[in-house]
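Trainee: I'd like to ask some things about the structure below.
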């Protein structure tokens, strides 16, 4: 049996396409990656706004009263409100629905159009939320934001994986996650300052400010070129070849181009990509499309990032301190994502997954102990010493760093690079849909879970971090440095997944490449 993880050292043997990291492709990927800003901004802004008193007083008065009643000393339960969590989590239900529609748009009309839809819908939601006068306006606005995020999250990771040279695919794709973290940080900083505006209307600026990242992705989608893969899929072969020459910065693109054409021809034969996903040979791909986003959400990271201000306020910090603590975790998030950009194509995906998982597991244990020691089961901490607050924030920051260089970026990168073209859009929709289903469930259930499970909630997430780290060790092959159209070979050489994929099941362009290689040897 090969080493656990599934492929020989040095990666899968195969061809290497010529190409370099050109300024054109770098700028293109940076602009496209900014599609992550809308997702990140929303994650950061919603938690901060729900801790602002004027916002709670206007839309959720029962939560406001509970928060300020001296008789209620149970800190675990002060924000427990189904309506409040519906405000936050309705977005993810909408994103789930739109990601399914986005699959067809992305496949038939290109990645750019999906990105454009994402920006326009998100912008409409931001306007409605900024001018909201009633809870229904907030929730409809959130749903429009969700439709926008569903389109963007479906198309941007695919766009980046297809545009990037395979040797730099990891770093360029993680630009999407970097944009998410930058969006979270910007939102946290704005919340901190907008909360201080006299008159209590700062929350409107926080919610309406989502128009800015929405306009960035909208304008960006209009100026970006389409990917060669997408052009070939829609029959534009000559344009695709010209674009591939410009993207790779070399004239010799015949081998890569012929592989892309072969992949496209194979994908055209697939009439029902959704049904195709259920075939035995796609079992590894479907498993990863479901399990990676499932585990990503059950790290507990969205609990920290959605509700960081609420969480810090709940564990005894004042509102200002809570928002500032969220800013600190946002800075850590951005910095650690930079580490991933540097190391993903150098150290590999598996190393970062495993190291980050162990780091998060340790931190969750320490945070559980710290909260249990001071809050117990009744949620009344009494007077909290300063050193205690520092310890909690420190270990939450170390936890955030572990996520930000492992499961955060790799949860989007790995699924977007392992799917063959004929199922790529459908499989990416499964990936986004599973992500949004569990984001919705966690967002909707978190405050109630915190109220009932208390500090045990962190142990709940720690259990899943342990399970997913074991899963990566045994079942996830290394995909570093492998051309996206040759990715099928990682399953063929894996100790477990090879039983589902036979040589006949390999992608046609891979078989053609093997035949060509044999022909050269015989000359």
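Glycine residues also receive a Cβ, built from the backbone N, Cα and C atoms like all the rest.
Bear in mind that the values here come from a model prediction, so they are computed numbers and not experimental data.
According to TrEMBL, the domain 'Major facilitator superfamily (MFS) profile' annotation covers 28-480. For 21-41, 89-106, 113-132, 138-160, 172-195, 201-224, 286-310, 322-344, 351-375, 387-408, 429-449, 455-476, the entry in TrEMBL reads transmembrane segment.
For each listed feature, how buried is it and what is near it?
Mentor: Beyond its flanks by at least six residues, the transmembrane segment (21-41) meets 115, 118-119, 122, 145, 148-149, 152-153, 155-156, 159-160, 163-165, 168, 172, 175-187, 209-210, 213-214, 216-217, 220, 223-225, 246-249 of its own chain at Cβ-Cβ distances under 8 Å.
Here the transmembrane segment (89-106) has long-range neighbours at 42, 46, 113-114, 117-118, 121, 139, 142-151, 153-155, 158, 273, 425-426, 428-429, 432-433, 436-437, 439-440, 443-444, meaning same-chain residues at least 6 beyond its ends whose C-beta is under 8 angstroms from one of its own.
Sequence-distant contacts of the transmembrane segment (322-344), counting only residues of its own chain at least 6 positions beyond either end whose CB sits under 8 Å from a CB of the stretch, comprise 44, 47-48, 51, 170-171, 174-175, 177-178, 181-182, 184-185, 187-189, 191-192, 195, 304-305, 308-313, 351-352, 393, 396-397, 400-406, 408-410, 413, 480.
With a threshold of 8 Å between CB atoms, the same-chain residues lying at least 6 positions outside the transmembrane segment (351-375) that come near it are 75-76, 299-300, 315-316, 340, 343-344, 381-382, 384, 388, 391-392, 395-396, 398-399, 401-403, 405-407, 410, 454-456, 458-459, 461-462, 465-466, 468-469, 472-473, 476.
With a threshold of 8 Å between CB atoms, the same-chain residues lying at least 6 positions outside the transmembrane segment (429-449) that come near it are 79-82, 84-86, 88-89, 92-93, 95-96, 99-100, 102-103, 146, 150, 153-154, 277, 286, 289-290, 292-294, 296-298, 302-303, 306-307, 310, 411, 415-416, 457, 460.
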Trainee: So if I exclude everything within five residues of the ends of the transmembrane segment (113-132), which remaining residues of that chain have a CB under 8 angstroms from its CBs? That is, six or more out.
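Mentor: The answer is 32, 35, 38, 59, 98, 102, 105-106, 138, 140-156, 159, 204-205, 207-211, 213-222, 224.
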